[in-house]
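Working notes, beginning with the structure itself.
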Amino acid sequence: MVKAVAVLSSSECVSGTILFSQDGDAPTTVTGNVSGLKPGLHGFHVHALGDTTNGCMSTGPHYNPAGKEHGAPEDENRHAGDLGNITVGEDGTASFTITDEQIPLTGPQSIIGRGVVVHADPDDLGKGGHELTKTTGNAGGRVACGIIGLQG
């Protein structure tokens, strides 16, 4: 079993911890707890870079090793890092579990060392009509991020 963690930080009082685990070649399980967000849906993605020197903006685009368009987690044509939305309750917190086959913790496509980002707005899952639909899901600004690191 390989485990990883990302501790979210933000200039907007958003905080949280995201845990990743993968057993062999099985899908990766992502479990998160985030607080300080506005209620509703928020885009949630693995980004290409583990660089936060310029805050969440320096994490680069969504992780996309296959060069595909943005989509929903269940779509075949999607960025590997497209994990959809997390749902935030009226109290500003979200607790969630996601299982995904395109974000391994080992091998050449590993997400270790990459960024994970919570966005300000809902991800339209590549199905909206906005000019950013096919690249970012029109999910808005980056309100919190962390770097995915191996956990002992």
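Glycine is no exception: its Cβ is also placed from the backbone N, Cα and C atoms.
The following features are taken from Swiss-Prot:
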{"type": "BINDING", "residues": "H45, H47, H62, H119", "note": "Cu cation binding site"}
{"type": "DISULFID", "residues": "C56-C145", "note": "disulfide bond"}
{"type": "BINDING", "residues": "H62, H70, H79, D82", "note": "Zn(2+) binding site"}
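Recorded features from Swiss-Prot, shown on the structure.
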| residue | record | CB count, 10 Å |
| --- | --- | --- |
| H45 | Cu cation binding site | 29 |
| H47 | Cu cation binding site | 25 |
| C56 | disulfide bond | 24 |
| H62 | Cu cation binding site | 25 |
| H70 | Zn(2+) binding site | 29 |
| H79 | Zn(2+) binding site | 27 |
| D82 | Zn(2+) binding site | 31 |
| H119 | Cu cation binding site | 25 |
| C145 | disulfide bond | 26 |
Checklist entry - Roughly how many angstrom lie between the C-alpha atoms of H62 (Cu cation binding site) and H70 (Zn(2+) binding site)? => result 8
Item to check | Cα-to-Cα gap, H47 (Cu cation binding site) vs D82 (Zn(2+) binding site), nearest whole Å | outcome: 9
Checklist entry - Three-state secondary structure of H47 (Cu cation binding site) from DSSP? => result strand
Next on the checklist: I want the residues beyond H62, H70, H79, D82 whose C-beta is within 8 angstroms of the mean position of the Zn(2+) site's C-beta atoms, in chain order.
Outcome noted: H45, Y63, N64, K68, E69, G71, R78, A80, G81, G126, T135, T136, G137
Checklist entry - Any idea what DSSP makes of H79 (Zn(2+) binding site), helix, strand or coil? => result coil
